[in-house]
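These features come from Swiss-Prot:
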- 96-101: motif 'HXXXXD motif' (MOTIF)
- 1-124: topological domain 'Cytoplasmic' (TOPO_DOM)
- 146-316: topological domain 'Lumenal' (TOPO_DOM)
- 340-376: topological domain 'Cytoplasmic' (TOPO_DOM)
- 125-145: transmembrane segment (TRANSMEM)
- 317-339: transmembrane segment (TRANSMEM)
Amino acid sequence: MGLLAFLKTQFVLHPLVGFVFVVSGLVINFVQLCTLALWPVSKQLYRRLNCRLAYSLWSQLVMLLEWWSCTECTLFTDQATVERFGKEHAVIILNHNFEIDFLCGWTMCERFGVLGSSKVLAKKELLYVPLIGWTWYFLEIVFCKRKWEEDRDTVVEGLRRLSDYPEYMWFLLYCEGTRFTETKHRVSMEVAAAKGLPVLKYHLLPRTKGFTTAVKCLRGTVAAVYDVTLNFRGNKNPSLLGILYGKKYEADMCVRRFPLEDIPLDEKEAAQWLHKLYQEKDALQEIYNQKGMFPGEQFKPARRPWTLLNFLSWATILLSPLFSFVLGVFASGSPLLILTFLGFVGAASFGVRRLIGVTEIEKGSSYGNQEFKKKE
């Protein structure tokens, strides 16, 4: 093990990484709050500024994947599809099996220049998660309670608001509604059998309302749907904590592009199209498990230096005064001051750990265990 690899495993560095992310995030959120004054004057200027502010925060997480853990991401697709990346609005459909699936998605967004403007249909609880939810609020992210009767008007209004977005955006949909677990899968397949739908081996039954509504509201804005099927080599089950400890993973993503005009206008037909898509995704996962790769040409988009430079800039600005302060605390010789400082460090580490816990499968939402039994 090299020195750098050894240092990545040391707990003492992790609070420093967390400190940079949290404090820079609070600064960014404050600046975002100030930009609200621009909305009545120039909505598009407000949006462009917030895309760049969000990039400065999200790219720190992408940096952990790309530069800290050196995780590699390989695309399986075709040249024509790759040439369109970052040059059109798109809806992204991604399987929700892994703790860092969102991070792999963000990595691709970063490499094709749409990280700051990326969107997601997110559960309402995330709005109240510090930094993440607050940043999303200023980005006009569409939040839902996952109760369609209550969500319909909110989701439609939020999607239509994005029709004049000034920068290319990728709108992420987790059509399964919740992260895959064996328990949720069993309940989901019971519902599939009751509805006469084919059983899926690697996915939950997709929820069609969000997809059909997004496609309907974003017609004329979005050019295509990108279906992304993600898996990891070596049957690995990566985690954000693993990334923080410098573990390297190899992510493979099969990407298929569907022009939006190929998706039916009728809601029922669009729902059937989505169910068929998930049957195809299941077949792709079966191929991957048998052959260790997806079909299609392989592309490895080069990582860009901006995520690393952004983090190093924030680290230089924030850690220099922190180190001076720490030296002053210990130089004072005051037991009370030292204990207070150590208590603060412990509380901060706990807070960062709670943020990481948002991504953990075993601590994920119970949504889906029983909700699959209800009609959409």
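From the backbone N, Cα and C atoms, a Cβ is placed for every residue, glycine too.
As a whole-number mean, the pLDDT of the motif 'HXXXXD motif' (96-101) in this prediction is 92. For the topological domain 'Cytoplasmic' (1-124), the DSSP counts in helix, strand and coil order read 74 helix, 16 strand, 34 coil.
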